[in-house]
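Working notes, beginning with the structure itself.
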Amino acid sequence: MANMLEVKHINKTYKGQVSYQALKQISFSIEEGEFTAVMGPSGSGKTTLLNIISTIDRPDSGDILINGENPHRLKRTKLAHFRRKQLGFVFQDFNLLDTLTIGENIMLPLTLEKEAPSVMEEKLHGIAAKLGIENLLNKRTFEVSGGQRQRAAIARAVIHKPSLILADEPTGNLDSKATKDVMETLQSLNRDDHVTALMVTHDPVSASYCRRVIFIKDGELFNEIYRGENRQVFYEQILDVLSMLGGNANDLSSVRL
């Protein structure tokens, strides 16, 4: 399977009165169709890593390749087009526009690409049916629950079939039931449609839906583990690594999935 994302020797230092090296020689790759989580303590560098992959920030050295192309070498106009075509984003706070309906929010990537209205409607109803939100398309964002808003945000992220989905704490504002619904949505898109996704999360339950978890500590790769057939076993393995990282995993060890 070809690599959809390659992270090669990424370094990032934030300069100030006291310089801080956020990332140190980070390297890993994600295959096409893989669902991977990144975990680590606060300040470990995981958000910096996601920002660099998404081109919000730039590395001091090293390379990012997405579908074989380094977006950091593109000029502004081509970079904007690359982001619209190749990347899909899912945020903790949904980032839906209150002035638009749920359906209009989902279609935004297609609107920016000036797709024909008939094509947009067809794609909208296809993804809405897949995610079980067809009955929400004419509602405003304040009329639906947090979990429904996040499923709409996921629909927006995948409607244009990007190469890579980047999710930043997608369940951070959700209760346990909505978290389960959202993670099952992402898992089914990965399994059925071979969507490639990288998710930053602090939540071991959410991470247990992934095929692989990469752990970062103090800006460096600390460990990585792969899921087998049993999600409960994988969840407990995640807790074990978090314990080594100094987290509060013991508080969650009795959770059964």
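Glycine too: its Cβ is placed from the backbone N, Cα and C atoms.
Small disclaimer: the values here were computed from a predicted structure and weren't measured.
Swiss-Prot has this to say about the protein:
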type    : residues                                               : note
BINDING : Gly40, Pro41, Ser42, Gly43, Ser44, Gly45, Lys46, Thr47 : ATP binding site
DOMAIN  : 5-243                                                  : domain 'ABC transporter'
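A Cβ within 8 Å of the Cβ centre of Gly40, Pro41, Ser42, Gly43, Ser44, Gly45, Lys46, Thr47, the residues given for ATP, is found for these other residues of the same chain: Ile216, Lys217. Confidence over the domain 'ABC transporter' (5-243), given as mean pLDDT on the 0 to 100 scale, stands at 95. Comparing local CB density within 10 A for the binding-site residues Ser42, Ser44, Thr47, the maximum falls on Ser44. In the three-state DSSP scheme, Gly40 (ATP binding site) falls into the coil class.
Fewest other C-beta atoms within 10 angstroms, among the binding-site residues Gly40, Pro41, Gly45, are seen around Pro41. Lys46 (ATP binding site) falls within a helical segment according to DSSP. Around Lys46 (ATP binding site), the same-chain residues six or more apart in sequence whose CB sits under 8 Å from its CB are Val38, Met39, Gly40, Val200, Ile216, listed in sequence order.
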